[in-house]
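Chemist: Sharing a structure here in structure tokens format.
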Amino acid sequence: MKKTIYKVLVSFYQYVGLGKKFHPSHDTVLIIGGSSNELGIELCETFIEDYHTKVINIDTIDSINGKNARRSEKLYTFISCKDFSDIKCLEESMLYLQNLEIIPTVLINNMQEGIESTLLKEDKFLRLDEESLNEFEKIVRYNLQSVILITKFCLSNIFPKVQAEAQEKAKGFYIVNISSVLTLKPCKSGTHFITSKCGINSFHDGITSELKLKDSNLNVKTLIAYLPSFESEAHWKRLSPSISKHLVHCLLEGRYGDTILESKRSIGDILLITGFKSSFT
């Protein structure tokens, strides 16, 4: 009984924010997909404009160009990746990242390739023809394969470098994976996108478990953030600023586990309570 209660309390303390917390002055944020979708753009601008935090953005296009965020050139660095489905392009981007003088301590995986397909009333690809398979392969390579490779690279090559060089205040790392609530319920459209995000859910669970078991000096906290469902592109654009602020607030609090963006509850809230109750039955 005591052992069970202890485990629940440890999980609770991790969840509410002990350990690593985002520090605007000491942390540098690496965003994967920071300018090819509305949320990425808002995240870049929120970190730079509101918190004066250094941001590294890896994406296919730099649509932050011309925005207010670009006024602070010292805070914003763009790394081009022409094609996230091409491993060679990813390797070139990672090499560029590794050679930068600034080193990220917070990694946000925000790949949202194919998210617009979830806005359709009916799935675009009802049959697995060649077009459907090609689209599926691209979405999975963008949203899942690239995230896995970049995360592994940061854990193996980037974070250890920070650990060795950074001051005590900057030690500790955050990995944030952005998924979708659509992975948690049946949906009639956007199946390719949703499948890729289901893969992200599994990868997040795996990397979290690996970091707990691995004999490493790295202090890495993980968080999976679920996007809400969107009714239209206008709805997605309208919610992105508040979603961005919600996510940053979670990092400031040192949230661990999971959170549903634009919601006061998380999956972790329910699981924690359920787990605590079941320990007495």
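The backbone N, Cα and C atoms fix where each Cβ goes, and this holds for glycine too.
Swiss-Prot feature annotations, pasted as is:
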- LYS197: active site, lowers pKa of active site Tyr (ACT_SITE)
- LEU39, THR60, LYS67, LYS152, LYS197: NADP(+) binding site (BINDING)
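Burial and contacts for the listed features, if you can.
Modeler: According to its DSSP assignment, LYS197 (active site, lowers pKa of active site Tyr) is helical.
The Cβ of THR60 (NADP(+) binding site) has 16 other Cβ atoms within 10 Å, all protein chains considered.
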Chemist: How would DSSP class THR60 (NADP(+) binding site) in three states?
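Modeler: SS state of THR60 (NADP(+) binding site) = coil.
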Chemist: List nothing but the one residue from LEU39, LYS152, LYS197 whose Cβ has the fewest other Cβ atoms within 10 Å; the candidates are the recorded positions.
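Modeler: Ranked by other Cβ atoms within 10 Å, the recorded positions LEU39, LYS152, LYS197 bottom out at LYS152.
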Chemist: C-alpha of LYS152 (NADP(+) binding site) to C-alpha of LYS197 (active site, lowers pKa of active site Tyr): distance in Å?
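Modeler: Spelling it out, the Cα of LYS152 (NADP(+) binding site) and the Cα of LYS197 (active site, lowers pKa of active site Tyr) are 18 Å apart.
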